[in-house]
Every structure is written in C-alpha cells, then in structure tokens.
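**Student:** Features from TrEMBL:
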type	residues	note
TRANSMEM	A:27-47	transmembrane segment
TRANSMEM	A:67-94	transmembrane segment
TRANSMEM	A:115-139	transmembrane segment
TRANSMEM	A:145-174	transmembrane segment
TRANSMEM	A:186-205	transmembrane segment
TRANSMEM	A:251-273	transmembrane segment
TRANSMEM	A:327-348	transmembrane segment
TRANSMEM	A:368-387	transmembrane segment
TRANSMEM	A:420-439	transmembrane segment
TRANSMEM	A:445-467	transmembrane segment
TRANSMEM	A:487-510	transmembrane segment
TRANSMEM	A:516-538	transmembrane segment
C-alpha cells in the first residue's frame, strides 16, 4: 500500500510540478485566478436563475428532484467523456509507462498511479458544475446541514463509477487493439470507437425520448411524485441513487441510498483493479512500438520529391499531428467533438421537424441577428482548437532542429499558424455542411458567415500560436503534458471571446445598423484589423522569443 | 573554419563556458574532449545557434552565427547528441524534409539517399517511422540527413555512440575523406581511443575553460611521452 502511494505521488509530481517554472509564470497563474473570479460570478448567476426557474416550476407537483436527476445524468455523460480521453492518454498513449514497467510493481499499482491524474481532472470538471448547482439547489429547497454533507460526499464518490466503468471498457478494447499490427493507428481507432460508443449511447437516450410520447407521458407522470425523476434517471441508476440520497437526506432512507452508492463505488474500484491486474499489461506492453512494413524500393523513391520549404514544414506538422495518438485525440478528435455533437443533436431534432423550419426562421430574422449569433458561436468553436496553442510545445525535444536548420524563424512559425488554420477547416467544413443541409441557411447568410469564419479562424490560429510561443512547454516526457495543467486554452478563449464578444454586443445594439451586408462588412473589417494587430504582435514575439525558446 | 572568440555562457547563475577562444581549422579532424558537464555540449549548441551567446562571437566560415544565422546554418551539418527527433516521420520523409530545407535537387537527392542509407544499412527501413528505429539506426538517419546536403563544416556531438562497429568505421572513414578535401570536421567525444585514431587536433575543456589545444604530438610532448592518452586526460581534467 505504501509503495502504491509513493507511486501515485511520483506520477502526480511529474504531471503537475511547478518545478522549472519561473516566478513570472507563477504570478501569471495567480493573476489568472483573480481574473476568473468575476467570470465565475457570471456563470453562477446564470446557473442560479436556471435552478430557480426549474425549481419553482417543478416543486408544486413534487417533481423538483428531477432537477437533481438531470444534473447527475448530465454529469455521468460529461464524466464518461472526460474519462475517455484522459484514461486513454494516461493509461495507453503516455509513453512514460515504459519507465515504470521495469520496476517491481504490480499492474494494479501502476494503474492506481496512472489513474490519479485523470481522477483529479474529473474532480475539476465536476467541481465546475456540480458544486454550484448542488449548493444552489440546497439554498432554493431550504435544505439542512445534512444535505450539504451528503452533497460533499456525493461530489467525492460520484465520479468513481463513470471513471472505473469507462476505464474497464477501454482496458478491454485496448487488450485487443494490442494484437493489431499498426499499433499507433489501432490506438487511435480504439479511442474513436469508444467516442462513437458514447455518441451512440446519447442517441439511444434521445431515441427513447420520443417527443410526443414524452410529452403525453410527462403530463401523466408529472401528476405523481418522483415521476419525472424515474424517466430521467431510468438509464443511469447511480444518478437515481444520488438524487434519492440527497432528496431524503433527513431520513434514514437517504443514508441507505448514500451507502448503496458508496458500496457500488467500492465494488467498481475493486473490479477496476482486478480487471487491470489481468488486462492492463496485456494492453500496454509493446504498445508503443510502431508498425514496420515490408520494404518496397519503388515506393520509397516515389516519396523523394522537391517541395517548397513552407510546404515541407506544413506537411511535417500535419503528419506529426495525425500520427501521434495523443495529438490526434486532443487536436483533431476534440476539435471535431463540438461540431459532431451539434450535428447529432440537430439531425435528431430536425427529424422531429422542429429544426427544418430553422432555416426559414433565420430568413425571417432578416439582417444582422442570425449572423451575429452564428459568428460568436463559430468563434467559440474555433477558439477552443488546441492545434494553435500547442503549436510550439508539440515539437518537444525536436524543437532545437528549428534553431540549427537554416529556415527563417517566421517561416517556421507561420507554417504552424497555417497548420492550426487547416485543422480548423475540418470543423468549418462540418459546420458548413450542417448549415446547408440541415438548417438550410439562406445563401446570402451562408456566404457572409463562411467568409467571416475563414478570417476568424486565422485570427484564433494567430492568437493561440502567439500565446504558445510566449510560454511554451517543451520539456515534456509525455505528449499529454502539452495539454494538461496549462491555462493557455482559457487565456486564448478569453482574448478571443473578450474582444469579439464585446464587438458583437455593440453591433447588436446599434439600431441604425440592420443590414446583413453592412454588418458582415463591418465584422470583416474588424477581423482584418484584429488579424493585423496579431500579426504585428506575433512577429515581435518571434523576434524576442524564438531564439530563446528551448 | 569555426572561430570562437572570447565566448562566455551562463546557465542559471553558473558559468558553463568562460572566455573560450578556439579556432577549428579547415582540413583537419578536430576532437573536443572533456568530462561530463565540462561545457562541451553548451559550446556546440552555441556554435549551431541552439543556445544564444552571452558574450563573444562565433563565426562559421566567416558568417556570424548570431547576426548572419541563416547563411551560417546553410554551411554546417549538425548531428545532435540525442537522435530522438521527428520520431513520427518515416525515415524517407525525414530525409526528404532535409532535402527541401537545403534545396537539394531531386536527382542528386535520390542518388545520395540511396548511397548513404545503403552504406549505413538502413535503406530497407526508410519507409518505417523513425520511432521504430533502434538508437543506432536513429543516429544513422540523422547522420545521413547531414551528409545529404554535403555541408563544408561538420559538427558532431558524440556521433559514434550507439553505432555498430561497421557503421562506426564507415563514419570515421567519411570524416577522414571530408577533412582530406579541406573541410572542417568538429566532433565531441568521451572515447579516447577514437581520439587517438582519428584526430589531427584536440581541445580539452573542463569546467567551462580550455585546458589544452594542440595536435596529438604536442599533447604527448607536453606530458611525459610514455603516458597514455587516458592518463593525460585524467591529469588535465582532475578536479584539483
């Protein structure tokens, strides 16, 4: 047991250590924390009004606990998703495991160590949503002291089951993935399969909620207490147990449900460690070896061709992103996640008829409103693209090659900006397809939107790359460190949404500005200015930082 | 020719290289020796532009690495101490990338890639990812990349570590040929036998300061003639 804890501590230190960070960076984190206070204030007030409205509507029929049910069901889905990517990267993509395998540890000990960092991730995720909503619910329902104790315990216990379940599922997949020949590709494939699995899970839940039936059923169910809760949590018993524990915090009943959940969680931990003991090494040993192909001299000589330096750099970047499982998952899959999810929801809504009409609705909304809304939504989706803010850090120990090869610094950096822009293009194409096929966007709106999107994508690529050049993380032992425990994505988003959020709000409120074309022209102009400023800033940064980066 | 003039480099408050003056002449194989942490890699990294220079200047064939960096970098080929770079690229993609960066015409590129990789025995691995290569194979692909663009100046940081005897012999022969054509070969090593076999001149650095510079004969003369190179080295770099 002692050794397991030592191992957990060592692994956590390697992930989260502040060692080697300058005091400037540490001050930066503190400033960021202060900056986040008003931001979280806004989120909490929004959550508060949602909780209040729902509570007041549901309470008269005794269905207010459906709100808790909804929270726990939602949290389960979110936690499953977060577990998916973090378990994959921590257990299987992280090659630091090779450093630990020669030591006399049991598979379950290594697994416990490897689980620590993803688990902290889960607590951060659920802390953002669960803590404020549970507290607000407590306030609105006038709950007593025991409720808060239970809520705290649930916050601690609840992520266990989604995490262990996802981990067991993945260990099972990976055990078979390891038999395959091209291991890098299979690793990504197994990840994608699980990704599809969750989307499918979500689809099944949605399919079970036939809108007409639900409306009828809900009318009946709402007559009886807990009726709504039962349909919401029908698929996920742990959500039901958690809700009942909180609902009956004062009664013995509540304690029973809490203990039941606790027992289940302890059970799944044992299951997880036992499955790990049997499956983990079979999945992970030898997994880091790539594939070797039969040699074909014709194929090799075909690959010898001359290209401009910029193109050579660009292709190198894209190859590295698509071939490194962690980069592929974090950059390509995650940036497609938003649009794909949107597609799933929209396609299902449209089959029920409510979205098909959205296009004509947008037409009636003539003028700037739909454009501004679409623009800010797109900016948000493009802003969270990790390809830009990992531009420099991705190179890791290959970075010095940029310094000793005779390529001008700005060529290197702009090939990286271009890479981020191209990766964004994937999301844009998907969004465009939805816009045309599902929502049936009016052509004028579509053209204006797509032009603005291309510009916005260049802007976010510039901002992300600049931020990464300013403070890159090159000394990683494992690719996931490029993305974990860095606030850079948040800063990028704050800069992008801060400036253009304000501008959109301003344009929205100028009454004399109504036409679509004027608004697009104005936005395009402002984007061009923003791009110009970012270009100057990036070039300055290249001058001061490029040679000092290592 | 590499000219290092009065170069100083500090690392986190510690002086890694102090007032270093060194000229690496053309037409000779120049060995750079010193114990671990003596400042060898720091010096090589400053020559290649990886580390900024705090004080002093370094020129490669007359081009200043700080102010005329692109021109200088076009003239040298560098083999880093760790060949673990661009692991996700295939061997052939890496060499083609280097070819693009140094503007090597297609026909020359093709011929050289074949010749070099065949003589190092990695030709048949070219279509595999560098990640799948052994340490020695990685070393060979990086060396092939350097030789591909045929630079005047070779800068090699521990080039022979990890190479099998045959490849080691091949590389040493290549170094000799290159120097014989009047070019510069500058390399660091720990292996004293290699120095004795290969080097025309050596420099020994310890704690960031130059301890000795001269040819092998001078070095033996300066000490008692019958001493082995190992003893000379230990004496020069003994801590007090």
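Note: Cβ is positioned from N, Cα and C throughout, glycine not excepted.
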**Student:** With Cβ distances under 8 Å as the criterion, find the stretch in A:115-139, A:145-174, A:420-439, A:445-467, A:487-510 that has the most pairs with the transmembrane segment (A:368-387).
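**Tutor:** Comparing A:115-139, A:145-174, A:420-439, A:445-467, A:487-510: A:445-467 has the most Cβ pairs near the transmembrane segment (A:368-387).
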**Student:** Taking pairs 6 or more apart in sequence, does the count of Cβ pairs under 8 Å between the transmembrane segment (A:145-174) and the transmembrane segment (A:67-94) hit 3 or more?
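**Tutor:** Between the transmembrane segment (A:145-174) and the transmembrane segment (A:67-94), contact is present.
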**Student:** Go through the chain and flag residues at least 6 beyond the ends of the transmembrane segment (A:487-510) whose CB is under 8 A from any CB in it; none is fine as an answer.
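**Tutor:** For the transmembrane segment (A:487-510), the list is 29, 32, 35, 39, 368-369, 372, 375-376, 379-380, 383-384, 386, 388-389, 456, 459-460, 463-464, 467-468, 471, 519, 522-523, 526, 530.
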